[in-house]
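Structure, as structure tokens:
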């Protein structure tokens, strides 16, 4: 909004000229989302506590230390969604189609998560909305997004770029739409599975969003994309502002979500944040890089898949003491804070590996 209002005055005002730069607006987005989180956080937490008498239901079969979390409110992802969307609407170019498509997906996945959290709180159990129902809704939203990208782009690309290899890409044809849907839905659920400890998912999400802030900027810049031999996609640079807002809002949320958490992001936050990262990776044609940068999410999801299939195949045996993987280490006696910080370190390593793929070709 501010960008569009100030754009006509770029040549007449130094301040207006600053808004012409994506980097300036991205930095401002971090400041705004951080500030909004600090201001609205205590108010939202108090409000959620007044509505949720028992807070988020805690699994009885989980680590014993988790019973101290009883009564902690959920749906804190509302804080992240509101601050991120507001900063994007204020600072991004509102004529940019990618901004609106991404915000649509972000909010839509957030609504699915809210429905799930609401069901858990009202029923006072950790099951929420049926898994198949959630997958169906996620599939519908991701399909709408993929169709919009297909028909709004003048020359849609069905190429899957392979990182670390020069000029290596796979033409998936119209199967690319199915693949893109898988990326978006998979990313949403992967982040959801990772969000099981205080602050565990928040920082890796911030690292991933920060990585894609850089990727969006480079892919949307003709000079940089040519230099790095990346697929140039006009107008994706504006997604840098949105990604920066995600970084700020996640760091602001961490203030209240660090152990011992005052609030959980819930599925409202995890499904929406995972979904929006998947959408941005599809738009920027860096789907595989998302799997690298967000490697922690992939590992957590893989641990669940292996556990479930092995349990069924062996009729009751388990690979891990408990899945997702972070609970396995808790069952081994690791303190929650140690699991969280070590997983943060792993996510930093994955982010650096993913970003190195932009240059190593």
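Quick reminder: no glycine exception, Cβ is built from N, Cα and C everywhere.
Feature annotation from Swiss-Prot assigns transmembrane segment to 28-48, 74-94, 99-119, 133-153, 168-188, 203-223, 236-256, 263-283, 288-308, 338-358; the stated evidence is sequence analysis.
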Return yes if the transmembrane segment (74-94) and the transmembrane segment (263-283) have at least 3 CB pairs under 8 Å (sequence gap of 6 or more), otherwise no.
yes
Report yes or no: does the transmembrane segment (168-188) come within contact of the transmembrane segment (28-48), defined as 3 or more CB pairs under 8 Å with a sequence separation of 6 or more?
no
Tally Cβ pairs under 8 Å between the transmembrane segment (28-48) and each listed stretch (133-153, 203-223, 263-283, 288-308), then give the stretch with the top tally.
263-283
Which residues, given as numbers and ranges, are at least 6 beyond the ends of the transmembrane segment (203-223) yet have a Cβ under 8 Å from it?
22-23, 26, 191, 194, 230-240, 243-244, 246-247, 250-251, 254, 273-274, 277, 280-281, 283-286, 289-290, 293-294, 296-297, 343-344, 347-348, 351, 354-355, 358
